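S.K.: Feature list, courtesy of TrEMBL:
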- Tyr149: active site, proton acceptor (ACT_SITE)
- Tyr159: active site, proton acceptor (ACT_SITE)
- Gly14, Ser20, Ile21, Ile94, Lys166: NAD(+) binding site (BINDING)
Amino acid sequence: MYNLLKGKKGIIFGALDENSIAWKTAERVHEEGGEFVLTNAPVALRMGQINALAEKTGSQVIPADATSLEDLENLVEKSMEILGGKIDFVLHSIGMSINVRKGNHYTSQNYDWTQKGTDISAMSFHKVMQTLYKKEAMNQWGSIVALTYMAAQRVFPDYNDMADNKAYLESIARSFGYFFGKEKTVRVNTISQSPTPTTAGSGVKGFDGFLAYADKMAPLGNASALDCANYTVAMFSDLTRMVTLQNLFHDGGFSNTGVSDDVMEAFVKGLE
Ligand SMILES: NC(=O)c1ccc[n+]([C@@H]2O[C@H](COP(=O)([O-])OP(=O)(O)OC[C@H]3O[C@@H](n4cnc5c(N)ncnc54)[C@H](O)[C@@H]3O)[C@@H](O)[C@H]2O)c1
């Protein structure tokens, strides 16, 4: 370990169980010397195993529904109290589509569910940043990261309304990142991660095929949750201080590959 985050304090959203990308990130941040508060929606706290993670990393847990400004204000205030000062890093690792969960096709949405999913998966990022911004809660050169997926740029039919939510999320990162950079010297980026076997990931229809296809396409194969945690640590560290307003592909090269020999071989075999 490199002590990359020694002395830094943060908030990590979205660790549900040990498969969660946020869970792996919390473990890696801890190993790198960072201190943090863990948070998740009250219902997820009841279902998940976050207390084990809190114990392992010496962290406290503060419940917050990321769609509730009241919860977020309480979270930010309490976090500064617990950590004894302003925040250096924040991970937004939150996503949920009710249309996906209930099996509604993209062309047959229930718009109440669409709105709820957008609020949870994208607008919550604006709410988190607005709360941090108004409360002057971020230290200079702090780093805010949200996790996203390439369906924001290209069509993945079964990703459903989450594709639209991710496009909105990435736009919020740029738009809020401008003001956070200019006014507070804080950077904001999204990391566009490979398909990863987690609770949220596995909810996407045909996920196993999706995972295998991406793995065969990417020259380096799929990036794991641990790889994503490592990249996030780098983005929280002082080694990436001038990176902001970016959507950073972390996918083993998938996003720039037209076709791979492995995929072509499997396709041709299917034709025989
Ligand atoms: N798994 C993948 O294939 C993949 C790929 C690219 C990006 N991502 C993104 O990574 C992030 C983390 O997902 P994951 O794959 O680790 O799955 P996960 O299911 O472990 O994490 C999703 C988290 O969102 C939380 N959440 C849901 N509603 C919430 C609310 N109202 N308030 C606060 N938290 C809420 C859940 O409790 C859960 O902890 C998501 O943004 C997801 O879209 C995942």
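Quick reminder: no glycine exception, Cβ is built from N, Cα and C everywhere.
Predicted automatically and left uncurated, TrEMBL annotations should be read as such.
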S.K.: What's the CA to CA span in angstrom from Lys166 (NAD(+) binding site) over to Tyr159 (active site, proton acceptor)?
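M.R.: Cα to Cα, Lys166 (NAD(+) binding site) and Tyr159 (active site, proton acceptor) are separated by 10 Å.
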S.K.: Using Cα coordinates, what distance in whole Å links Gly14 (NAD(+) binding site) and Tyr159 (active site, proton acceptor)?
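M.R.: Their Cα atoms are separated by 20 Å.
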S.K.: Whole-number Å distance between the CA of Ile21 (NAD(+) binding site) and the CA of Tyr149 (active site, proton acceptor)?
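M.R.: Pair distance, Cα basis, whole Å: 13 Å.
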S.K.: Can you tell me which of the recorded positions Ser20, Ile94, Tyr149 is spatially closest to Tyr159 (active site, proton acceptor)? Compare CA atoms only.
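M.R.: Sorting the recorded positions by distance from Tyr159 (active site, proton acceptor), the top entry is Tyr149.
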S.K.: Rounded to an integer, what is the Cα-Cα distance in Å between Ser20 (NAD(+) binding site) and Tyr149 (active site, proton acceptor)?
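M.R.: With distance taken Cα to Cα, Tyr149 (active site, proton acceptor) is 15 Å from Ser20 (NAD(+) binding site).
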S.K.: According to DSSP, which of helix, strand or coil covers Ser20 (NAD(+) binding site)?
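M.R.: The residue in question, Ser20 (NAD(+) binding site), is coil (DSSP, three-state).
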